Amino acid sequence: MLRRSPARVVAYQLLPFLYTRSFSEASRTLRRELRGGNGRIRPELLERVSRLLVLGRYEALHDLSLDFSDELLNSILRRLRLNPEACLEIFNLASKQQKFRPDYKAYCKMVHILSRARNYQQTKSYLCELVALNHSGFVVWGELVRVFKEFSFSPTVFDMILKVYAEKGLVKNALHVFDNMGNYGRIPSLLSCNSLLSNLVRKGENFVALHVYDQMISFEVSPDVFTCSIVVNAYCRSGNVDKAMVFAKETESSLGLELNVVTYNSLINGYAMIGDVEGMTRVLRLMSERGVSRNVVTYTSLIKGYCKKGLMEEAEHVFELLKEKKLVADQHMYGVLMDGYCRTGQIRDAVRVHDNMIEIGVRTNTTICNSLINGYCKSGQLVEAEQIFSRMNDWSLKPDHHTYNTLVDGYCRAGYVDEALKLCDQMCQKEVVPTVMTYNILLKGYSRIGAFHDVLSLWKMMLKRGVNADEISCSTLLEALFKLGDFNEAMKLWENVLARGLLTDTITLNVMISGLCKMEKVNEAKEILDNVNIFRCKPAVQTYQALSHGYYKVGNLKEAFAVKEYMERKGIFPTIEMYNTLISGAFKYRHLNKVADLVIELRARGLTPTVATYGALITGWCNIGMIDKAYATCFEMIEKGITLNVNICSKIANSLFRLDKIDEACLLLQKIVDFDLLLPGYQSLKEFLEASATTCLKTQKIAESVENSTPKKLLVPNNIVYNVAIAGLCKAGKLEDARKLFSDLLSSDRFIPDEYTYTILIHGCAIAGDINKAFTLRDEMALKGIIPNIVTYNALIKGLCKLGNVDRAQRLLHKLPQKGITPNAITYNTLIDGLVKSGNVAEAMRLKEKMIEKGLVRGSDKQGDVDIPKEVVLDPEVKLGSTGVIEMNSNELYDVRRVSEAVV
C-alpha cells in the first residue's frame, strides 16, 4: 500500500491555497496596472472600462474584478453621461460590491443622467436612496447644482428632489430647494408645491405654508382645487377661519375653481375648532348653494363644533341626522361624540354611545378609551376608569402615553398620588416610558396635597431616569422649595432654568417672584425682574402684582405704588386684585388720602369693585375706628346687589365690640350664627346676643340685609365668627359664658380651636384674676399640639402682674428663651408696669435699659413713656389674620382678618 510522505501530503493540501493566491495576485496585478503608481486612475483603464460599457460587453466588465472607488465611478459617469444605459450598468455594478457603495456625488450625477433620459421612475428611486444617505440638504443641493452646471443638463431634477424632500417630511430641505431652484431656470411644479404645502400644514407650519403659497403665486404656478383646500386648512389651523372663508370665495371667483367637499370640510372643521356654530352654518349654506353633498367628515366636524360649544343635544341631533341620510358613522365620529359627552361631564351618555357603537360592530380604539377614562376620572369615578383600562386588553388595545397620563392625573386629583406613582412604575414594565408630562402630573399631585418633600424625591427620580425637566417641572419644584422655605435651593434651580433656556413664558417667572415675595425677599425679586428682559421673557400683570404685594407685605408701600406706576408706563394696567392690595396697604400704613384716589382710579379704568374690594375698604375703615364710613361702604354693596359675607360681618361685629357697642355687635352675630340650631338650649348666649332697644338703625339695616338677602350657604360660621363671639363674651365680662360656649362648641364637632382661641380665653382668665385657669388652658394647648406663642405668655404675665405676683412673672420671662420664644415690647412694658406698681422701680429701669439694648424702644419710649394702644378688645397684639385665624402683632389691634386677602 502506497503511502504519501508528510512532505507530499502538505504540498497536496496547499494546492488550492496556492492556486487561489496565484489568482488573487494576478487580480491585484491587473488592478495595479489599471491604476497609476501613485494610486490615481490610469487613462488606459478608464478607456478600457468605458469601451466595454459602450459596446455593451457587460460580462467582460464583470470579469475584470474592478477595485471600485469614488474617483473611478465618478470619472466613468462623467465620461459616459450621454449614455444612460452604460451609466446605469456601472452604477448598479458598483452598488453590488461588498466593500463599496456609491457616494452622494455619484448619486447626484446619476439622477441628472437618468432625468435627461426621461427615466423618471428610476430617477425618483435613486433620489430616495440619495435622501436616505442622510447628508445635509444644503450639501446635496450644492452638488446637484454643480453637476447641473458641469453637464449642462435640464434642471428637472430640482423639482423632483423638492417633491421627494416634501414627501419625506424634510420640509427644511424642501424649502431650501424651493427658494433656490428659480435661480437655475426651474420653477416648482404644481404637484411639488402641493406636496410641500400639505406637509407643512401637517407639521403645524401653517404660517410658512401661507408664505410658500404667496411665493408659488409669484412664480406664476396656477393653483388647483387641492392647493386651495390645503391653504384653507392652513388658515383654519392658524385660527384665521374668517380669512380662510374669504380666501375660498376669492379663489372661486378669480380662478374659476369649483371647490370640493374637502375644502368645505376644512372650513367647517376650522369653525368647529373654535366653537363658532354660526360660522359652521354659513359654510353649510354655501355648500347647499354650490350643490356640494355632505359626507361623514362634514357631519363629524359639525358634531365636533357643537361639542366644543357644549351643545350636546345639537351634536346628538346631527348624529341621528346621519342615519336619515343613510350614511354610516365611523370610528372617528363616535369618538368625537363620546369625547364631547366626557368633557361636559355626561359620562352616562358617553357610555351609551360607546355601547351602541360596539353593538353595531364598530370597533373601539385607544383614543375612545382615553376619552372614557378621562370622563370617569373627571367625575371622580376612578373604579370605572380602571375598568375601562382593564378592558382595553380584552379589546386587543394597547394603552399609550395618553392613557396612562390620564389615569395618573385622575389618581392625583383624587389625592391618591402613591397609587399614581405605582401606575407610573407599571408603565415602565409595559415598555411605555413615562414622559416629562407624566412626571409633571405626579409633581403637581404631590404639591397639591402638600407633600413637598415627596416632590423633591420624585424630582431626583425623574432626573435619575434620564427625563429632562421642562418649565412646568421646574415651576412645580420651585413652588415646593418656597413652601419648604429653602431659599438657596430655589435660587440654584432658578439659575439652572435660565442656563437651560427654559424661561419661555411667565409661569416660572411668576412662581419665582411670588415665592421670593412671600419669603419677604423683595430685593431679590426686584433684581430678577430687572434682568429678565435679557431672556426675552416679558413679565405679565400677575408678575408685577406679586411684586407689588411683596412690597406691601414688608411695609414698603412707596415701592408697591412704584411697581404699579412702572407697569402702567409699560402699557400693562393693574387688575382689581392689585387695587385691593394697594387699598389695604393705604389703610394699614395710614395713607388715607390714597384710598379715595385708588377707588376713583379703578372706576375710571372700567374696573368693577368686587366683594374683596369692598372688604378691603370696610376692614380699613373699621381699623381706624371710622365705623360710619364702613357702614356707608356696606350700604353701597347692598345697593349693588353684592352679598355681604361672613368675613365682612365678623369684621364689623368685632369693631363694634372694640367700640363697646356690644348690643349692635351681638345683633350681627345673631344673623351670622344660628346658635339655637348649633347649640340648642344655650340660653345664656341667647340672652347675651339679644339686641337692646337702643340698637343703631344703621346696624339694624345691615343685620336685616344679612338676614334677608344673604344665602345661608355663604354665612356658614367659621373659626373667625366663633372667636369673635368668645371675645365678645369676654369683653362683656361674661367669662364663664365664654368658657361654656367654648366647651359646647368643642362638643358640637363644628369647631376646631386654634392657638388664637386659647389666647382669647387665657387673656380673659388672666384679666379676670383666674390665673390658675389661664395656666391650665396653656397646658391644654400644649397637650393638643398647639404651641403657645409670645402673645399667650404676654397674657399670662399681664395676669400675674395684675395679681401682684411680679416675681412669678419675672421667672416666666426668664423661661421664655428656653421655650424658643423671644419677648417683645409688650412683654417688657407689661412687666415694667407691674414692677413700678409693686414699688420695684430699680428693676423696672433695668428692664427698660434692656429694651433699649434690644432695639425694642421707639421715639418717646426712650424718655420713659410706654406706647400702648388705647383701643383694644383683648390685647393690643391680637388680631384675626388673613389665614382665617388670629394673628399676633405688637403694633396692631385685635381685628377680623383682612377680608380682601381672605376672599382673594
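Cβ atoms are placed via backbone N, Cα and C, with glycine included.
Annotation source Swiss-Prot lists repeat 'PPR 1' at 154-188. Here Swiss-Prot flags 189-223 as repeat 'PPR 2'. The annotation repeat 'PPR 3' is assigned in Swiss-Prot to 224-254. Residues annotated as repeat 'PPR 7' in Swiss-Prot: 365-399. Marked as repeat 'PPR 8' by Swiss-Prot: 400-434. Sequence annotations record features per position, and here Swiss-Prot assigns repeat 'PPR 9' to 435-469. If you look up Swiss-Prot, you'll see 505-539 marked as repeat 'PPR 11'. The annotation repeat 'PPR 12' is assigned in Swiss-Prot to 540-574. Residues or ranges marked as repeat 'PPR 13' by Swiss-Prot: 575-609. What Swiss-Prot records for 610-644 is repeat 'PPR 14'. The annotation repeat 'PPR 16' is assigned in Swiss-Prot to 718-753. Annotation source Swiss-Prot lists repeat 'PPR 17' at 754-788.
Residues 541, 544-545, 548-549, 552, 555, 557, 560-561, 564, 616-617, 619-621, 623-624, 898, 900-901, 904 of the same chain, all 6+ positions outside the repeat 'PPR 13' (575-609), place their C-beta atoms under 8 angstroms from a C-beta of that stretch. If one looks beyond the repeat 'PPR 9' (435-469) by at least 6 residues along the same chain, the residues whose Cβ comes under 8 Å of a Cβ in the stretch are 401, 404-405, 408-409, 411-413, 415, 417, 420-421, 424, 427, 476-477, 479-481, 483-484, 502.
If you take every residue in the repeat 'PPR 8' (400-434) and average the pLDDT, you get 91. Helix, strand and coil residue tallies for the repeat 'PPR 8' (400-434), in that order: 26 helix, 0 strand, 9 coil [DSSP].
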